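Undergrad: According to TrEMBL, the record shows the following:
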DOMAIN    1-90  domain 'Malic enzyme N-terminal'
BINDING   GLU75, ASP76, ASP101  divalent metal cation binding site
DOMAIN    102-326  domain 'Malic enzyme NAD-binding'
BINDING   ASN228, ASN258  (S)-malate binding site
Amino acid sequence: MKGNMVAVVSDGTAVLGLGNIGPEAALPVMEGKAVLFKSFAGVDAFPICLNTTDVEKIVETVKLLEPTFGGVNLEDIAAPNCFAVEERLKKETNIPVFHDDQHGTAIVTVAGLVNALKIVSKKMNEIKVVANGAGAAGIAIIKLLYSYGVRDIIMCDTKGAIYEGRPNGMNAIKDEVAKFTNRDNVEGSLADAIKGADVFIGVSVAGALTAEMVQTMNNDPIIFAMANPVPEIMPDEAKAAGAAVIGTGRSDFPNQVNNVLAFPGIFRGALDARATHINEKMKVAAVDAIASLIEESELSSDYVIPGPFDPRVAPAVAAAVANAAMETGVARIKVDPEEVKERTKRLALIGKGE
């Protein structure tokens, strides 16, 4: 039972589109998450909403539950606590711990960017990226982009561009970010930072990006405006301002950045390999698996990310993640990635009609 069981743990402080609603109100959201785990990858998941926001208590509670669960999906825990909880649990447990709001979002965003760059004929190591929103998702996205070779990154928050030595609105996580981003120490607002950028990544608030800002970006800019339910800029407005590719967090626009493309397959692969951790190489493997499902001949500005109900995604991600777990030495057992893929197809409920 443990080998197929994931705990979905939340304190209800950062529920998508709703904010800090508390553990009771968060429970139906976590129940929904558990259904997605089962439907997309056959993973049994149990929602656990904790009536505390104390990092120490959350960590201790999850550690006490470790004997029962094969993995832990942290969900809707606000920054900066989410970083501390995840880091502690990764060090102090021997099962995969994955904060989906950080890494699920980052994996799908970067997969979309891999394909979007093919359309505009640009390379990861040559682009300038500006990210707006220094919460859980934003920080994870820029860290994963750095793993992918992006070196020209500026992160903005409500106080503007983050840089080393900024006197206000900083914390330990932002201090860490400042060390590897904003190499020219640009100061000022998002409007200042975005000049000449190739990519905008928004995990912030509605309306944060204007058409005028898009017009100051480099040729063929790529916009991922993922604020929910209303994006930083509406797709038609971004397109009119010159954007080449636009992604949002919404299902009623093309290129939806939806975490369901990542977390079911990631946990399926990690559980099947009995991985002790989910490491950077496993995340990169998930990115590549998602991106590669769209053939170059199929790529278009409206199709750089597979649809959330594409039944190929979870099996491909599971196989890639299990393989990466073995290659990086965190798998407890050897498995055949092709068997992992076929098993995921069998266990998944989506794509099978009634």
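Glycine is treated like the rest: Cβ placed from N, Cα and C.
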Undergrad: Could you tell me the C-alpha distance between ASP101 (divalent metal cation binding site) and ASN258 ((S)-malate binding site) in angstrom, no decimals?
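TA: Taking the Cα atoms only, ASP101 (divalent metal cation binding site) lies 11 Å from ASN258 ((S)-malate binding site).
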Undergrad: If you count Cβ atoms within 10 Å of the Cβ of GLU75 (divalent metal cation binding site), leaving out that atom itself, what do you get?
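TA: That number is 29.
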Undergrad: Comparing the binding-site residues ASN228, ASN258, which residue's C-beta has the most other C-beta atoms within 10 angstroms in this structure?
TA: ASN258
Undergrad: Can you give the mean pLDDT for the domain 'Malic enzyme NAD-binding' (102-326), rounded to a whole number?
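TA: Computed over the domain 'Malic enzyme NAD-binding' (102-326), the mean pLDDT is 98 on the 0 to 100 scale.
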Undergrad: Just to confirm: which same-chain residues, 6+ apart in sequence, have a Cβ under 8 Å from the Cβ of ASP76 (divalent metal cation binding site)?
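TA: Sequence-distant Cβ neighbours: SER10, ASP11, GLY12, THR13, ALA14, VAL15, LEU16, ALA26, VAL29, MET30, ASP101.
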Undergrad: Would you mind reading off the Cα separation of GLU75 (divalent metal cation binding site) from ASN228 ((S)-malate binding site), to the nearest angstrom?
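TA: A Cα-Cα distance of 16 Å.
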Undergrad: Have a look around ASP101 (divalent metal cation binding site) and count the other CB atoms within 10 A of its CB, chains all included.
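TA: By my count, 25.
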Undergrad: For ASP101 (divalent metal cation binding site), which of the three DSSP-derived states applies: helix, strand, or coil?
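TA: DSSP assigns ASP101 (divalent metal cation binding site) to helix.
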Undergrad: Count up the helix, strand and coil residues in the domain 'Malic enzyme N-terminal' (1-90) according to DSSP, in that order.
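TA: Helix, strand, coil within the domain 'Malic enzyme N-terminal' (1-90): 44 helix, 18 strand, 28 coil.
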